[in-house]
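Record features (TrEMBL):
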type	residues	note
ACT_SITE	Asp263	active site, nucleophile
ACT_SITE	Glu300	active site, proton donor
BINDING	261-266, 325-329, 392-397	substrate binding site
DOMAIN	117-510	domain 'Glycosyl hydrolase family 13 catalytic'
SITE	Asp393	site 'Transition state stabilizer'
Amino acid sequence: MFKMGANIIDREKREVLFRVFAYDKREVAVVVKSGGAIKELPMTEETPNVYSAVTAGVSLDLLYKFKIDGDQAYPDPYSCFQPFGVHGFSRLIDHEDYRWRDANWQGKDIEDLLIMEIHTGAFSGAGTFKAVAERLDYLVELGVNAVELMPVAQTPGRWNWGYDGVNLFSVNHNYGGPDDLKYLVDCCHQKNIAVILDVVYNHFGPEGNYLPVYGPYFTAKHKTPWGKAVNYDDLYSGYTRKMVLDNVRYWLEVYHFDGLRLDAVHAIKDNSPIHILQEISLTVRNLSLQQNRKLFLIAETDQNNTRIINPLDRGGYGMDAQWMDDFHHVVHTALTGEREGYYMDYGRVKDLEKVYKNYLYTGEYSKYWQRERGTDGSRNPGKQFVVAVQNHDQVGNRAGGDRLSILVEFPYLKAAAGLMLFSAYLPLIFMGEEYGEKRPFLFFTDYGDPELQQAVSRGRKEEFAQFTWENVPDPQDPETFYASKLTPRNAWDRQNQELFNFYRDLIHLRRSHPVLKKPDKDKLEVEVDQENRVARVTRWNKAITLTGLFNLGTEDVAINNMAGSEIFNSLREPYGGSENAAAGVLRKGQMIIFEQPGGK
């Protein structure tokens, strides 16, 4: 099929081809702003519902919109940049201008990833791609080898989580331009860091979404929390599918991303013979072979459904990995005692025995969902599951954006991190978690539409009616965004540095130790002392056995006759403990790792 949007076809002649899908229209034109002049070019219907026009002698950073039926002009659905926001003119981008320095980069194996999730706007004071690039040495020091950027597609206003994007191909101008994002990815690759982009294919934002003007990109055939579903299986769905597949290739080819994290795939409705997720998987697999570099797909879902990660030849969707919320919920409820909302299904420390090897819900009845939930993931390898003890959803979707550092005492922050990093899954750290950030990560928006402004403020309060959380910040208040920015390192206190030391050293141990570096959950056992709330996790290979002890209780517990030598202890002095801590006692919140020769 055709290449859509605005594309340079001859640089010497400064010749540009415009092409757009516009269903059942009388006439389509392109309005071009170039060198101070504005002209309107009629477009020809080259095939049914696809219009094109060519112009020459123009600026290669021109601005343009498409005019439909002689009426209003709209941004290009394939716009690569919206410098004036979601309602403004689209800008032509010459992607060959940027000079890449990562020719030798071949990517990373997914099983080796240690991910940090980052919101570009809140990660630094400047809130830009370049500001993230300036902090990469910090990530290298910590030991992170993959960065996951929350969505960067254009959203309304000055700030947004990113999930209200309406221009799939357009880099958010609040963070910088296309070359700034390329520079960030390029710099990451120079530092041996893979880069994952969070993309949203289950819905579009409510402001600036002009896709319905162009054609049937949405369908009433399915219902979603956002209204009509994105049209993947109704009339003329081929153009929606093409746009999404083009977008997948675009981020991986043009911006050199190493992987994509697909938001809420359970909300993608598609009854086609080949599900859109399967097509995405095939597209990425073929691109990986063509480019001879490792590419991967990570899906977010709350359904505990192995079909998403099972291979295509077994009827699966072929995603390489998926987020596993059960792990977070088990750890969170064990440490906080919370039982509200979906946490009502959790709260048993004993559940660690199952969730270290499988989903917690593998077909059992869920009180929260009021139905059976989940499938059996015990045969799926550990590298197919991404786990976290904090992430943007679990922090930001609390009414007050409370981080775990606000909810539990300092020792338990280390215990939570230890449980995650000692697991045989892929660990994900949410920015700021590694030093115990106490500033919240709140839900923030900057809609321009007054009705949307009121609706999001009202809806946020209604959303938490089932929780007892109070004082829900207004998403539209600028202070809600500014309060979510990370504390600069030069303003850390002693405890921040101690927790950072802990994360850094445990990450180094995980990435270097032969037992921990590969996520093999078949060589793992868990035993929980429910009465004392102590978890004993054992991992091994042919030559070495590691035992991790985690005290999640409120009392010290005796641990006598432990075999092997101690190789890690959360009460060491650099981590806020004391070198004189009593031997044979596991303090509340403490974790210790023992090593002994011989496997199982």
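Note: Cβ is positioned from N, Cα and C throughout, glycine not excepted.
Automated prediction, rather than curation, is the source of TrEMBL annotations.
It should be emphasised that the depicted structure is a prediction, and the values quoted were computed from it without experimental measurement.
Structure with TrEMBL features highlighted.
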residue	record	contacts (Cβ under 8 Å, 6+ apart)
Arg261	substrate binding site	Glu148, Ile196, Leu197, Asp198, Val199, Ile298, Ala299, Glu300
Asp263	active site, nucleophile	Pro151, Tyr163, Asp198, Val199, Val200, Tyr201, Asn202, Glu300
Ala264	substrate binding site	Val200, Asn202, Glu300, Thr301, Asp302
Asp325	substrate binding site	Asp302, Gln394
His328	substrate binding site	Val387, Ala388, Val389, Gln390, Asn391, Gln394
Asp393	substrate binding site	none
Gly396	substrate binding site	Trp161, Phe441, Leu442, Phe443
Discussion item. Going by DSSP, is Gly396 (substrate binding site) sitting in a helix, a strand, or coil?
Written reply: helix
Practice prompt. For Glu300 (active site, proton donor), list the number of other Cβ atoms lying within 10 Å of its Cβ atom.
Written response: 22
Response to the item:
Mean per-residue pLDDT in the domain 'Glycosyl hydrolase family 13 catalytic' (117-510) works out to 96
Fill in: Secondary-structure category, per DSSP, in which the residue listed as 'active site, proton donor' falls
coil
